Amino acid sequence: MAKRTFSTLEMFLIFLLVMMTAITVALLSLLFITSGTIENHKDSGSHIFPSTQGPMATQSSTAPQAPAATQATHGPTATQASSVTRTPEPPLFQNFSGYHIGVGRADCTGQVADINLMGYSKNGQNARGILTRLYSRAFILAEPDGSNRVLFVSIDIGMVSQRLRLEVLNRLQSKYGSLYRRDNVILSGTHTHSGPAGYFQYTVFVIASEGFSNRTFEYMVTGIMKSIETAHTNMKPGKIFINKGNVDGVQINRSPYSYLQNPQSERARYSSNTDKEMIVLKMIDLNGDDLGLISWFAIHPVSMNSSNHLVNSDNVGYASYLFEQEKNRGYLPGEGPYVAAFASSNLGDVSPNILGPHCINTGESCDNANSTCPIGGPSMCMAMGPGQDMLDSTQIIGQTIYQRAKELCASASREVTGPLASAHQWVNMTDVTVWLNSTHTAKTCKPALGYSFAAGTIDGVGGLNFTQGKTEGDPFWDTIRDQLLGKPSEEIKECHKPKPILLHTGELSIPHPWHPDIVDVQIITLGSLAITAIPGEFTTMSGRRLREAVQAEFSLYGMQNMTVVISGLCNVYTHYIATYEEYQVNSLALCVHSLSKYFLFQDTVANLSKGPEPPFFKQLITSLIPNTVDRAPIGRTFGDVLQPAKPEYRVGEVAEVVFVGANPKNSAENWTHQTFLTVEKYEATSASWQTLYNDASWETRFHWHKGLLGQSNATIQWHIPDTAQPGIYRIKYFGHNRKQDILKPAVILSFEGTSSAFEVVTT
C-alpha cells in the first residue's frame, strides 16, 4: 500500500481534533466524579404471566415535580419499600366481557432552546423554538377482575433511553407498588428527529446530545408519569377491536441495495421492499363511545429534515394531531379525553421522502449503492418529500396516515378477546451464542459503530462526507481514532467483519460506557395479539423475520393465527437491527433467540430469570451551554412588542409579532404557563377573549432569536387558515426570564406580552 501523505487540510483537522480532545479532557476532569458512579436499579416488579408477587425493595424517587433550577443529576437513592407512599387501586367493576381501558395524554416537550435536536446527530441543529408540543400517550388495559394488566406508552421523542425507562419504572413502583412493572410496561418512542436530546446516560449519546439535560429529562419523566396517572384514574370497562390495511404512497426503502442482499426467494414472497400494513387498535367503552386508538406503521418521522430548528412531532405526530382534533372537538390541541397514538414499527430502512434521493446541487438522481453525487459526494445526496417544503411534506404524509387509520378504525369489527400476559428479560448482548440457521451459530460481541454509520442516510447525511456501504476503513480517520481513543482490539474487529470499525464504543468506558451492553427484550399479549418491544430500529426484512419467528413459536403451543406487532424504539436504544445478509451482523438473530426463550425453555414464563440488571449512572456530562441571565434592552421589559401586528390580515396570510424575549428553556423549569403563545378572538357577546390556538396548534410558530449579553427576541406567527372566522384577534406571548442578583441564587420569573388587536377578513 502506498504511503499516505496528509494534505494541509487534513493536518489542520488533526491539530484541531487534538486540541478539542485536550479541552474535552479538561472539562471532564471538572465535571466528573470518577468513583462510585453506578447504581443498579432493583427489580421493579415480577416478570411472570400473571404477577403474584408483592412489591420488592427498590430505589425511591419523589413524585413528579417541576424540576428545580439547581437540581443535581443524581440517580435515585436506596430506601425501604415500606417508606414509599402508594396510590391505592380503585375498585374495578368485574361483571362484563372485555377489558378495563384507561387512556391518558400529557405534555413531555422539555427544552425548546439551547439543546440539540435528537436524531440526525448534526452539529449545530439545536432547538430555536416550537412548531408543535410533544406528548406522552398512555394506554392501560386490564382484565375484568384486575388480575393482569399491561401498559403501553407512545412518546413523541426520538427513542426511549434506558435511563428514562429505569426512572419511570422506579417512580411507578413508588406510586403503585407492583401494579406496573418492567414486564408489563412498554415505553416506545415515535422516533421524531425534531425533539430535544439530552436524556441519555451512555457516553456516545451524551456526546451527540452535547451533554445531559436534567431539565429536559425531568420534564419528560414527569410528562410520561402524568399520562400514566391520567390513564390509571380514568379506567373504565370497554372493548378493543383490531383492524389491518395497507397504506400506499407514503414510503420508500432508503437502503434498497442492502435490501437486495436478502435472498431472492425471500424477497419474492413480498410485493414491496417496505411493510405497507398498518395495524390499528380501536378502544371504546361499553356504551360504544370512543376512548382511544393505537396505530403501528413503519415510517420514519423525518419529513422535517436536518435544517429544521423547531421542536415538533413530525408526520406521525401530525396524524395524532388530526385524529385527536377530530375526536376532541371544542378542545385545544393536547386537551380532551380521546387519545390517538401513532407508534413506531420496523422503520429502520423506511423513508417518507418518496421522491427519492437527488443531488441538491445538480438535481440528478443519486439512487445508487453509496448514495453519492458526482459533484460534492454523499453530502449532496438528499431525499425529497412530496411537498413544496418540509412542512408541506409533513402535512401530506401525516394526512395520508391519519386518513387510512380513520378508515380502518371506522371499519374495525374483529374484537380482541382473551387473557393479558407479559414477559421481560434483560439480556447482555455482548456474549450470547445464537443460531443463524439450522447448521451455523455465531457469537455476539461488544458494540461498535462503522464508517457507514457516520455517513448518515439519504434523509440526513453525516457531516464529514463519509460514504454509505463502506467496507474498508480510512487510514486518516483510523489514525485519529487510535490517537484519541485507543485502538480497537483484534477481537472486536474480527467479530464485526466485514464492517470496518470507526468507533469501538463497546470497549470505551470513560467517563461511562459508551454503549449499553444490557438490553431489554419484552413481549406482551392481548388474546391473539402479541406486541414485541424492540430496542432499536428494525429494517423491513428484520421485522418480517421476527414476526414469522414469533408466530411459529406460538403455533408450537397451539396458538394459531397470532397477530404480531413490531413496536419499535422501546425501552433502550441499540441503533439499527438488520438481517445478516443486509449488514452481516447478528443482532436480529439474537432478538429472535431471546424472544423464543419465552416459549422454548420455560414451562411457564414465571420461571424466566430477569437477567443482568442495567446500571443507572450518576454524575453525567452536563450541558456545555451555560445558564445565563436574561436581559431586556434599556427602556424595555420582557414581553414588550418590538414589531406590532398589522391592523388587518386576510385568511391565508401570516400574522407576525416580535416581542422582547427570554430564553425558552427557563419555561422547562417553571411551569407557570403551559404554552408560549395563544391566538385569541374577541367575543362581543361576552365581552371576553377566547383562546382558539396555542403553541401545539399546527397553524402557529414560535421562533426564538438569541442575541448578545442575555438579550433575545421571540417571533410568533399565526398562519391564518381558510377556516378562520372574520373578527378581532390578538396574539399573546408567555415566557420566563432568569434573574440573578449578586450573591443570590437565580430565580425564574414569569411574564406575558400582548399584541395590539387586529382584524381578520375573508377574501
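Easy rule for this one: first residue shown is 1, then count along the chain.
Using the three backbone atoms N, Cα and C, a Cβ is placed for every residue, glycine included.
Since we're looking at a predicted model, the values are computed, not measured.
Residues or ranges marked as active site, nucleophile in TrEMBL: S351. Annotation comment: TrEMBL describes H191, H300, E537, Y576 as Zn(2+) binding site. Summarising the annotation, TrEMBL assigns compositional bias 'Low complexity' to 57-81. Under the heading region 'Disordered', TrEMBL lists 44-87. The transmembrane segment annotation in TrEMBL covers 12-33.
For S351 (active site, nucleophile) paired with H300 (Zn(2+) binding site), the C-alpha to C-alpha distance reads 5 Å.
Other residues of the chain with a Cβ within 8 Å of the Cβ centroid of H191, H300, E537, Y576, the Zn(2+) site, are S344, L347, G348, V350, G536, G568, L569. Counting other CB atoms no more than 10 Å from each candidate's CB, the recorded positions H191, S351 peak at H191.
All protein chains considered, the CB of Y576 (Zn(2+) binding site) has 19 other CB atoms within 10 Å. For H300 (Zn(2+) binding site), the number of other Cβ atoms no farther than 10 Å from its own Cβ, over all displayed protein chains, is 26. Around the Cβ of E537 (Zn(2+) binding site), 26 further Cβ atoms fall within 10 Å across all displayed protein chains.
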